[in-house]
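Participant: Mind looking over this structure? Questions follow.
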Amino acid sequence: MSFPPGIRRRFVVSFPLLLLVTLSFAVVATADGASQDDGPELPACNNPFKLVKVKIWVDGVEGEDLSGITASFGASLPEEANKSSKLPAVFSNPLNGCSNSSSKLTGYVALSIRGDCDFVTKAKVAQSGGASALLVINDNEELYKMVCSENDTSLNISIPVVMIPKSAGDAINKSMEEKHVEFLLYAPTRPIVDFSVIFLWAMAVGTIVTASLWQEFGTSENSDERYNELSKESPNAGTGDDDDKEILDISVKGAVVFVITASTFLVLLYLFMSAWFVWLLIVLFCIGGVQGMHTCIMTPIVRKCRNCPQKTLNLPLFGEVSIVSFVVALCCLSFAVVWAVNRRESYSWVGQDILGICLMITVLQLARLPNIKVATVLLCCAFVYDIFWVFLSPLIFHQSVMIVVARGDNSGGESIPMLLRVPRAFDPWGGYDMIGFGDILFPGLLVAFAFRYDKACKKHLANGYFLWLIIGYGFGLLFTYLGLYLMNGQGQPALLYLVPCTLGVTVILGLVRGELKELWNYSPESSSATKNLTGEA
């Protein structure tokens, strides 16, 4: 649903979008809890850690697969399920697996809980009892890497040793009550590159290009109609004043305050993350997404049909409203409600990405950077912000605040919606590749400025800045995913790579061309005045 122009801009930009953009300084993250190394098998205590799939059958009925991670010792697991064997499961007795078990272990997968002795001791006890494999249940949800002690340099452990999270252990314990449970363990290989990364890259770059070129579709010739489709009459109609009020110019002070506010909101999310808090973000996301989708649909409609007769309705609070705009608003609202209801379904990422892209396109139309000076302050602050909350925050909070918030820990199974995500189609582990809105919006503000500057100065693609910034942003995303791969799936602060590849490219080109001072002090108003004087002459 749209709102009258003044109310719409203040509501959409100043409140929900401020929160959404603030909280969407998210990292490019993976849904994995551990890394995987596909290198060669090494002897003794130097085995690579590999993610493990645990297939489970309860009384012959196959259940949901569980995940685990191998130890740095023990036998390796096959990469394919058909090369592994189905084995019955039994709990060790005592449950900690630190001494000989009174339960029969021969031919079974032994299960023990973490603690009371080291992992090597548990493996030796299980192996001496005749177990075919050992599953260690962790005391939390992390997949802890089981290593040898410094004195264990040469071991003769010939059974696979795997750790599973606490929730998986609880599910197994519940299933094994008077039931026959069987396991099949294998360690499938993950592809180096999944097509989801390529698709996500195309969506991020495409969103920035579309938002930058969006002015050509409506704002330049028909800005009054685009922003006033719900309010047919305005005191300033036709004067251009209303269009100016719709634009939110970012200042140096505003950029600094924004990053401080972002840090505050991030810490609050980290400390008070809960299902109701995430639900509040979902509602704000839907409001912003509906407004963005309505704007993206109505802009080309109004531009193409600006001379067509329009039937109107009189609605409370909104006044005179065109029927077309009202119908589009209802459709957008219905779309958002359907997505919110089905947000946990496997296909919900499509609706989330559509709402998110429309939201970001609208934000990049309503907010703008006036010059490179403001862009430098904003992006440099964002650069430091991203690195601190991903890599340095564990020194204070003992875990990465950004990654915890992005994963939605302690949120009752809910996840924050302020990111684009694409499922990994060819990854046996599934999950999603993701990128936060902030990693698109903040470089996008600079790219949109470059487009406006090139247009005002009548620069062509080759001697302008827009094309080179798009190329720089694309390479920045590639470097981000390269870092993600080299760091074995650990979440990366995307702005660490994107800021040098966009702001850095702008500064270097400006220096080489001798235009850096003009870019630094550029003013859209002075450019417009110059163009007007030229036109009058």
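Yeah, the Cβs are placed from backbone N, Cα and C, and that goes for glycine too.
According to TrEMBL, the signal peptide annotation covers 1-31. Taken from TrEMBL, the feature domain 'PA' covers 90-172. The transmembrane segment annotation in TrEMBL covers 195-214, 255-273, 279-302, 323-341, 347-367, 374-397, 434-453, 465-488, 494-512.
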Participant: Looking only at the domain 'PA' (90-172), what are its DSSP counts of helix, strand and coil residues?
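Facilitator: Each residue of the domain 'PA' (90-172) counted once, the result is 17 helix, 16 strand, 50 coil.
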Participant: Would you say the transmembrane segment (279-302) and the transmembrane segment (347-367) are in contact under the rule of three or more C-beta pairs closer than 8 Å, pairs 6 or more apart in sequence?
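Facilitator: Yes; at least 3 Cβ pairs under 8 Å.
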Participant: Could you give the residue numbers and ranges of same-chain residues that sit at least 6 residues beyond the transmembrane segment (494-512) on either side and whose C-beta is under 8 angstroms from one of its C-beta atoms?
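Facilitator: Distant contacts of the transmembrane segment (494-512): 25, 27-28, 372, 375-376, 379-380, 382-383, 385-387, 435-436, 438-439, 442-443, 446-447, 450, 465, 468-469, 472-473, 475-477, 479-480, 483, 518-520.
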Participant: Against the transmembrane segment (465-488), which of these stretches has the most C-beta pairs under 8 Å: 255-273, 279-302, 323-341, 374-397, 434-453?
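Facilitator: Top-ranked stretch among 255-273, 279-302, 323-341, 374-397, 434-453: 434-453.
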Participant: Among 255-273, 279-302, 323-341, 434-453, which stretch has the highest count of C-beta pairs below 8 Å with the transmembrane segment (374-397)?
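Facilitator: Between the stretches 255-273, 279-302, 323-341, 434-453, 255-273 has the largest tally.
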Participant: Over the span of the domain 'PA' (90-172), how high is the average pLDDT in this prediction?
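Facilitator: Mean model confidence (pLDDT) across the domain 'PA' (90-172) is 85.
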